Ligand SMILES: C[S@@+](CC[C@H](N)C(=O)[O-])C[C@H]1O[C@@H](n2cnc3c(N)ncnc32)[C@H](O)[C@@H]1O
């Protein structure tokens, strides 16, 4: 699973679940799994029924929680829930010793956060929701797990976030996984909204998550120290800036942010406090990784046509780098006879986004020309396309990169960006 190295260091799902073990222990799991040619169990993550089953199995196996996840409702991905909870735990570790009894509020609760928080950390939680069905399911799951002593479930009105719960009582924290999307996106082309599974009130709210959290911020301004640490998750990174501006405007003492990465999915967190004695800390594993990325990113290899000698391969690759406007500084080491070519590559602008589409268009054009001229170099283009695809996926977040390219008649290593395998065929120029 990509992105797992960005999970919270204490997240048990940094090591993906052992599907083989699950398939033996839970025979019903096999309905959604198959054995690949390499003997590995492949799970169908796109199947909602399968995903629901996997989530219930993991909750049982890893947390001793017996949870009913109703059909048609949001299926809570546990690695994400843990990433968020573990960041909150980090914030407590910064401020309190581990004997402190923690009391928190979860706004918008199918009860997954309170269940995990109570079971894993023994925090006592109040879970609120506006949806009667969600409340009913939450209560059922709390009772099923005998956690009534730690979890209370409350129905609240759509217009409120924290006030009804925290007005007369102090809480150590609050958390929230708000409906991300705005009703104006209902039936729109927003992929994120369209791909989410759940009922409308789980996913949509007036003004989207920014307005939802702004209301929470407004209430926090009234409540001040009634809650020591306010936190929320957001589904869009772009929501962080308007929320941080809002927090600045109301004079929050300190603000921190977090990145929750799991599988191919990312979410963000924001925390604030009005207490000057409370310390907050960012959790931005991706940013840390950006600093370290040149050391960490594993190379990816691509085969190039067997008919290429190393000079041809190098020429093709150089053409590609030039077309991507990458600056290439040749660093050929004279001392090492095996090194034919060594270069330092820098990107100053994002020229690779949509390269695949551009290539496809160019290929189509070239194909139609080729039909006329009966040219036979189709193979070469498709390999270049592969390199493009890789560059596109590797550096897709408009991330500029620097890479070192070595060429020694065996392979070209674009360290941290690409690993280009060159077969050992000596050309007549070598
Ligand atoms: C994205 S779901 C999150 C559910 C659960 N916390 C999770 O992480 O799986 C958002 C939830 O917020 C609830 N909700 C919407 N407006 C609310 C409000 N004003 N107060 C409390 N809950 C609300 C919805 O009914 C829904 O259950």
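A Cβ is built for glycine as well, from the same backbone N, Cα and C atoms used for every other residue.
177 is the only one of 4, 30, 177 that TrEMBL places in the S-adenosyl-L-methionine site (with 81, 129). Summarising the environment of residue 81 (S-adenosyl-L-methionine binding site), the number of other Cβ atoms within 10 Å of its Cβ, over all protein chains shown, is 22.
The DSSP secondary structure for residue 129 (S-adenosyl-L-methionine binding site) is strand.
Other than 81, 129, 177, the residues of this chain whose Cβ falls within 8 Å of the Cβ centroid of the S-adenosyl-L-methionine site are, in sequence order, 76, 106, 108, 109, 110, 111, 112, 113, 175, 176.
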